[in-house]
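Visitor: OK, TrEMBL features for this one:
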- 1-31: region 'Disordered' (REGION)
- 19-31: compositional bias 'Low complexity' (COMPBIAS)
- 27-303: domain 'Tetrapyrrole biosynthesis uroporphyrinogen III synthase' (DOMAIN)
- 203-229: region 'Disordered' (REGION)
- 206-221: compositional bias 'Basic and acidic residues' (COMPBIAS)
Amino acid sequence: MNDENQMTRPIPVILFKTPSPSSSLDPYSQSLSSKSYQPTFIPVLEETYDTSSLVPSLEGGSEHWEGVIITSRRGAEGWVRAVTQSRIGTVASPKGKKKGRWDEVPLFTVGNASSDRLSESSMPPEYIPHAVGYEGDVPPKSAVHLIPHIIDRLPRLEGTYKKYLFVRGDKSTEVLQDELRNSGRIVEEFMVYRTTPRLDIGENINKFRESRRPRPQPKSDEDGDGKGNGQEGKGWLCFFSPSGAEVVLPHLKNPKDDEHGFEDVYWKGWKIFVIGETTKKYFEERGIKVDAVAERPNPQGLMDAVRGYDSI
């Protein structure tokens, strides 16, 4: 730890994401709260779902598909909603058996969020693709790391590879699809959600600042301005996607005044955590220092990264 004062009070952590299912029950909150950290959620994106393009393919069954690729929890939510909108039972009915059940098709994911959302849903099991096994039961931490797991896998049936069904959002990168196509695979993409910035981000950031505003301490807040804006109480700013970072950074004022790009003195001294390599690349391309990166895109990955930096 950097000072004795911070050893006795929880380290603040702002999670720029929407809690699920609630702030108190979110796995990130539970993990952080148990280990000397004080989490605060500030949602930055809201999603709008449209699964109308996916429903007919779900109802058509799995017969013509090699696998299902879902790389985010929002994508998995889109799958669940599409199943809900479809004619439940069509695939599993005696008449539809030739179409193929979806639980016969492998599911390729990044991290555990996608498969967890599918397994915790109330969908009939025949609509849930079976998660492929990974070495050490640890799924890939990014789309780039997922690629070889797909390419190196033999066709699920004898003969040539069939199409891959890729569930995505409007801001998903093209890296995975491009690599698969360059390897001769066919990928059909279904955009099931769009994300837009929330209108209350700035308001919620200001509320956080106000809730932590200490009484004036003219000589105690080293590197500050005598108003409690110094190093005391500094913590972590946690980003979970490039699109989320793009929305948040302007609210932190970002003219590259210091290594993190924070002109506002309040944020100087705060550290930056990112959930994976794609988000890290976003910051690096803008000359902004990243202090910690999760080895795995999950609560334990965040904990290991920030505690490793803080030497807790």
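Note that the numbers count up from 1, one per residue, in the order the chain is shown.
Note that Cβ sites are derived from N, Cα and C of the backbone, with glycine treated the same way.
How buried are the listed features, and what sits near them?
Guide: Counting residue by residue with DSSP, the compositional bias 'Low complexity' (19-31) contains 5 helix, 0 strand, 8 coil.
When pLDDT values are averaged over the domain 'Tetrapyrrole biosynthesis uroporphyrinogen III synthase' (27-303), the model yields 87.
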